[in-house]
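The following features are taken from TrEMBL:
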type: DOMAIN; residues: 5-70; note: domain 'J'
type: ZN_FING; residues: 148-230; note: zinc finger
type: DOMAIN; residues: 148-230; note: domain 'CR-type'
type: REPEAT; residues: 161-168; note: repeat 'CXXCXGXG motif'
type: BINDING; residues: 161, 164, 218, 221; note: Zn(2+) 1 binding site
type: REPEAT; residues: 178-185; note: repeat 'CXXCXGXG motif'
type: BINDING; residues: 178, 181, 204, 207; note: Zn(2+) 2 binding site
type: REPEAT; residues: 204-211; note: repeat 'CXXCXGXG motif'
type: REPEAT; residues: 218-225; note: repeat 'CXXCXGXG motif'
Ligand SMILES: [Zn+2]
Ligand SMILES: [Zn+2]
């Protein structure tokens, strides 16, 4: 056990707050972390020393005893955990502290994620199995995306075995406490590493961390606790999702044996392209083709929208490239009341073939003054118009 003063090790004082102590330790833990200091025995010692100091000073009861009696007050008998004693803390104990120090109990955010391993959560020593995540693709039409959709999807996945209720055992009498680990789910051993002798804790190889042993296996699942099965899952997809977006439903993935935590269902959104409507963010763009005659005389055009057909007025003298807007006929933003617009891009249709009659009519109009192009100096360019509509 270290003889150095715990307050000196962390560089804090007796009056420092719990938060200050935590911050001080976090700094040292990152600085002296073995990953950052490979083959450095003194960093390793400092790392352990800081962890030990934090272990005491972060616990109000231990801190008080240390304040009164010094190292003797916190020496042999440590309350609770049991993972502390003898020659200080072992590495696994130190790393398991990190869940509290760096936030996210084994999840994201911690710079030491690798130490927590995937697929298991180790709270209080015993390993809890976690089912794997399940990924599915859901195809949605533009209409479904605009309105939100409820999809009932049949998925093939691991489900809890009904015969044994997930235990994997034939009956109650065929479950006994694991002899290797005595029910704790983990075994300790001393190993020689490049950093010297270290005590490590690992998952019990006999029971795989469950703490119990099965003498006779369930006939339905052959001891696995889960079986392959089908489940119909109702997925509520909010309006406004887009292609490539992933939604996740926690607990709807593969089941885990022994009352473990089921994995998540990851839903990948796939947008089926619409025949005539194109999506631009939350706006819908539609290319309307108008004959020269309709553009000159004006008319009421019928356009498709995601809510069905709509009428839009084409004013007499409408130029090609004009953008018209149907407000609120676009895609809603996810979790918002705001909805995009439908933008109608007017294309004047020039006839590609003419009958002799049509040709004769147009020949008459060729030299008619109103048929000569007269672009205005202040007419906006295509890009200016696009900017106006999309920004
Ligand atoms: Zn065991
Ligand atoms: Zn079973």
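Cβ atoms here come from the backbone N, Cα and C positions, even for glycine.
What TrEMBL annotates, mapped onto the structure for a quick look.
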residue: 161; record: Zn(2+) 1 binding site; Cβ within 10 Å: 23
residue: 164; record: Zn(2+) 1 binding site; Cβ within 10 Å: 27
residue: 178; record: Zn(2+) 2 binding site; Cβ within 10 Å: 20
residue: 181; record: Zn(2+) 2 binding site; Cβ within 10 Å: 23
residue: 204; record: Zn(2+) 2 binding site; Cβ within 10 Å: 23
residue: 207; record: Zn(2+) 2 binding site; Cβ within 10 Å: 23
residue: 218; record: Zn(2+) 1 binding site; Cβ within 10 Å: 22
residue: 221; record: Zn(2+) 1 binding site; Cβ within 10 Å: 23
### Local confidence of the prediction over the domain 'J' (5-70), expressed as mean pLDDT
87
### Query
When you measure from each Cβ to the nearest atom of ligand 2, which of the binding-site residues 164, 181, 207 fall under 6 angstroms?
164
### Query
From 161, 164, 221, which binding-site residues have a C-beta atom under 6 Å away from some atom of ligand 1?
none
## Note on the structure
Reduced to three DSSP states, the repeat 'CXXCXGXG motif' (204-211) has 0 helix, 0 strand, 8 coil
#### Entry: Remaining residues near the recorded Zn(2+) 2 site, that is with C-beta within 8 Å of the centroid of the site residues 178, 181, 204, 207
179, 180, 182, 183, 184, 185, 186, 187, 205, 206, 208, 209, 210, 211, 212, 213
### Query
Going by C-alpha positions, which of the binding-site residues (178, 181, 207) is nearest residue 161 (Zn(2+) 1 binding site)?
207
### Task
List, in sequence order, the residues of the same chain other than 161, 164, 218, 221 whose Cβ lies within 8 Å of the centroid of the Cβ atoms of the recorded Zn(2+) 1 site.
162, 163, 165, 166, 167, 168, 169, 217, 219, 220, 222, 223, 224, 225, 226, 227
### Message
Please report the Cα separation of residue 164 (Zn(2+) 1 binding site) and residue 207 (Zn(2+) 2 binding site) in Å, rounded to an integer.
### Response
17
### Query
According to DSSP, how is the repeat 'CXXCXGXG motif' (178-185) divided among helix, strand and coil residues?
0 helix, 0 strand, 8 coil
### Message
Spatially, which candidate from the binding-site residues 178, 181, 204, 207 is nearest to residue 221 (Zn(2+) 1 binding site), comparing Cα atoms?
### Response
207
### Query
To the nearest whole angstrom, what is the C-alpha distance linking residue 181 (Zn(2+) 2 binding site) and residue 218 (Zn(2+) 1 binding site)?
23
#### Entry: Secondary structure content of the zinc finger (148-230), with strand meaning DSSP E or B
3 helix, 41 strand, 39 coil
### Message
If I take the alpha carbons of residue 178 (Zn(2+) 2 binding site) and residue 218 (Zn(2+) 1 binding site), what is the distance between them in whole Å?
### Response
18
### Query
Mind checking how the domain 'J' (5-70) divides into helix, strand and coil residues in DSSP?
47 helix, 0 strand, 19 coil
